[in-house]
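What follows is one structure encoded as structure tokens, with my remarks underneath.
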């Protein structure tokens, strides 16, 4: 699920109890701190860009265009996180991380970028805002965790904001895909028909519909997983608060 | 935990021989055989060949449904028509031959086959085989199918030769591996080339059954010039390479005198 990619992984950069893990070496830790700081900064830039554009224009409409480039850059940059898992410096599942990042990248490039007509839709602002707030919290969470100085506020925010941001993001994403459908059907975007010499066909319109349908089983699973994580993580807090 | 109930029927008469309840989802066929052995002591595990028909019968039948253009697959005007391209008929024969061969091998050739495969995997396996078979069959038997254009008839002829060669090769390896282990025993030996020239590939490769299998599907891909077939071949290649590397490693661990020239699946390469 794209929306707040809150890390549906069980451990992520765990701050929960003392876990025995090999963990990244000193060089890897330094790299990861830099990576997470850069990402936090990047999404802050997007946040600021959105606010400034709103103040200048005086309306919520069409704000996508003001942050299009940094959005593409930093969301695509998240592909590195798959590499981090594959190499082992981050203790998360490659498959899970890959799925999350790729679904975000899919929405950014294969839907929003590719179907120009949806770029002025308000649903785009809906998911972009959800992603922005989520990622600022998530990347600062990782940064502080790596430095072993995680303010309770950040931890709380990461495991609480998703309650609203996740449905918000999912709504924005679904509405955007839905808005793209007529244009995809009309232009046959990314579609291949028979006959052709490789005897293959692909209907992007049907693919998008199937993608939307896949949210039905996937979203509740991820949402409830995060809720369970929240109970686990925030329950410990009564015993010890990390400041 | 969810448990399965397993009913064991006599293969000829379909009489119920045995009913096993509370079989765990990750129970292996080997464990089921020993559960059955307890109630029927004369049938020790190696004498039991549990019929795993669905996995290979599925692709066999599904493909034929597409070949005969059964209704609701293609547009109604094509129902029960046949393709005008001879390569489509050839492909159907090859595909059917391949799965028939596999079915017969499961019944008569393989020893201890699937003894270590958990029940849950069998459902996943079936989905994989059935899904890909349907996907490939859809395009090859489609009214708008385009026969090989790059090298035309020459390409199909070459592909057929490769396919048949590898089918015979694959069968030869299965026979050689079966003869390696006498019935009922658990001895493990290094496989070596026999008088059959198709087994001489043992000189270069640890798992020639996978090599030949890859070759067969490569041939089928060339024959049909169909991208889904290429995908299926690629996915199978990746999976078989993983298995071959594992088998190769366990050979090396178990036998000090294992021939050093051998590679897991592709001579000298992989």
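Cβ from N, Cα, C; glycine included.
TrEMBL does not curate its annotations; it predicts them automatically.
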From B:226-244, B:245-263, the residue range that TrEMBL assigns the feature transmembrane segment: B:226-244
Candidate ranges B:105-124, B:125-144 [criterion: TrEMBL lists as transmembrane segment]: B:125-144
Non-local residues, at least 6 beyond the ends, that sit with Cβ under 8 Å of the transmembrane segment (B:226-244): 132, 135-136, 138-140, 206-207, 210, 213-214, 217-218, 220, 264-265, 270
For the domain 'TECR-like N-terminal' (B:5-55), the mean pLDDT of the predicted model: 63
